[in-house]
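> Features from TrEMBL:
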DOMAIN    172-456  domain 'Peptidase S8/S53'
ACT_SITE  D181  active site, charge relay system
ACT_SITE  H226  active site, charge relay system
ACT_SITE  S417  active site, charge relay system
Amino acid sequence: MLCVYLVYLARAVQILSSEVQRMKTRSITMTFSNSCKTLLAAALTIAYGISATLMNGSATVNESVPAASVTPPVVENQRGEKSYIVQGLPADALIRAIHHVGGEVSREFPIINAVSALLTSSQAQLLAQNSQIRLTDDRKVVTMGVTQQFAVDNFVATQTRAAQLHQMGLKGDGVVVAVLDSGTNMQGTKGAHLLTDSRGQQRVLAKYNARNGQQSMPLNDDQNGHGSHVAGIIASSLNANGKFNGIAPDVDLVSVKAFDAMGNSSYSIVLDGLNWIYNNRTIHRIKVVNLSLGAEVRSHYWEDPINQAVMKLWQAGVVVVTSAGNTGTEAMTITAPGNVPYVITVGAITDSYTPYDYSDDRMTTFSSRGPTEDGFVKPDVVSWGGHISTKVDSLSIMQNYTKDLFGEDYQVISGTSQSAAVVAGIAALILQNAPWLSPDDVKCSIMSSSKAASTPDGMLAYSPFAQGAGLVDAYNAVLMFQRGCANSGLDINADLAGTSHYQGPTQIDENGQFYLVSDSGAVWSEGTVWNEGTVWNEGTVWNEGTVWNEGSVWNEGTVWNEGTVWNEGTVWNEGTVWNEGSVWDEATVKKESGDTHQ
């Protein structure tokens, strides 16, 4: 009995030492005798108390991957304090105000002129009495990977036609991609595909741990496996058939660790990582950032602190690619920062395990849908996100996801995290070929070259709120790049300055149903279903943004705190044809969950 107790006490201490700020002690699902249960509960309770005492930042509750559909509240520490993001005044004035009410400043985020602070409820109320100060809960952020039952080798480089670009010498050379995730494992033969490029040259420029604020170069710092998997899709090595398993196998990498072993993080930690990327973008020549993560939307896109940081990166010339979310098929379910109109938000399709037959490719059941709560159409594009495998160390993947039955080298995760990584790789290929392009130009190239899913009679198989512009095509995006078609009508400088904000083109009728009107007067509303024999037609771009009107219908009836928006679960009516498909250009919303059904 004592031995069993000691084993589990040691395990508790191990968890405490590795994740002292993020420990969760509930949900022990093994069977013990009553006396052992008592000892184990006592040990875990002691460990939890130590964790709370040592905690000097925000506390979030860990949950299994994928995350729950409703974001839990920020957890108090033993002193009754919660972590908040504080904005509205210059940083020095914010710090003085926080100290004046007796609060404690945890971190500073110059990228958005904000700080995080530990405050009791009464301190937060005192601080909020200043009308210039805005407090935001330091809420939970999760990775966007879901489980899958088995894996096959990765065909995504072939499916996107990136493999044809590889044969032409376009592999991402000279482009630096930053991956903000759970870290990356690069040790040994299984990790070498990330540590070195296809020529065997070391290509990892830096590693930063946003959880402890330290820059170092540990080869293995990914206890979850998600970050390694995402980085592998972007940049991995040769597969067994001698083809590149990643989209851009010769990019240089910067790895930023923000997520714990359970795939959880918080606003303050993610902001710290984004702030580091922003400050180091020039020295490391960072041109693309992959954010395979999401948080529940509780505000307009321009009010969310993570969104503000993402917009600053875009303004600074960095292409930001993010996942749409894994919340399922209901309207208005895309997570932040996917609801930012400027960035590239990616949904997920599956090839139905027939990688060379596009007729049965379909939207996954987990991929989140738009429009956003500010009326923008999201996702912008879709890519393969069901059962994508890549070469990673199997240990962390097996602990958090599902074992690959086809060999220990290649492991699988499904989710919009994976589809976002595909598009981040495509962005790198575009920038190798045309390094002068702006983020708006890269977005335009990807969207205008995508192919909308249509039925044989020319009808869209899915609405723009599900598929955006359609399925990405790396070959056309790189070699037939377009400019001037993305984010038109939007001014990111005015948006960040607070002088103008924007609403998207989506309209809502008297029955609460969403619809879009094209320049030709054609109307699209949701409701068609996937049919066999679908074809992917060339897309066009939907890109209007107008200045936000406080009297807009989009401004009525929104509930930001647990989030029902207008008419979730609306039945979408049959729509009119978009002859050449559609490329839509804006954002999405809300919470996160997962689905193993493809």
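One-based numbering along the chain as shown.
Every residue gets a Cβ built from N, Cα and C, even glycine.
Predicted automatically and left uncurated, TrEMBL annotations should be read as such.
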> What is the number of other Cβ atoms found within 10 Å of the Cβ of D181 (active site, charge relay system)?
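I get 32 for this one.
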> Just how many other Cβ atoms lie inside 10 Å of the Cβ on S417 (active site, charge relay system)?
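There are 34 such Cβ atoms around S417 (active site, charge relay system).
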> Using all protein chains in view, find how many other C-beta atoms are within 10 Å of the C-beta of H226 (active site, charge relay system).
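H226 (active site, charge relay system): 30 neighbouring Cβ atoms within 10 Å.
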> If you average the pLDDT over the domain 'Peptidase S8/S53' (172-456), what number do you get?
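Looking only at the domain 'Peptidase S8/S53' (172-456), pLDDT averages out to 84.
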> Could you tell me the C-alpha distance between H226 (active site, charge relay system) and D181 (active site, charge relay system) in angstrom, no decimals?
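So the Cα of D181 (active site, charge relay system) lies 7 Å away from that of H226 (active site, charge relay system).
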> Which of the three DSSP states, helix, strand or coil, fits S417 (active site, charge relay system)?
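Its secondary structure by DSSP: helix.
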> Roughly how many Å separate the Cα of S417 (active site, charge relay system) from that of D181 (active site, charge relay system), to the nearest whole number?
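The Cα atom of S417 (active site, charge relay system) is 10 Å away from the Cα atom of D181 (active site, charge relay system).
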> Tell me whether D181 (active site, charge relay system) sits in a helix, a strand or coil according to DSSP.
strand
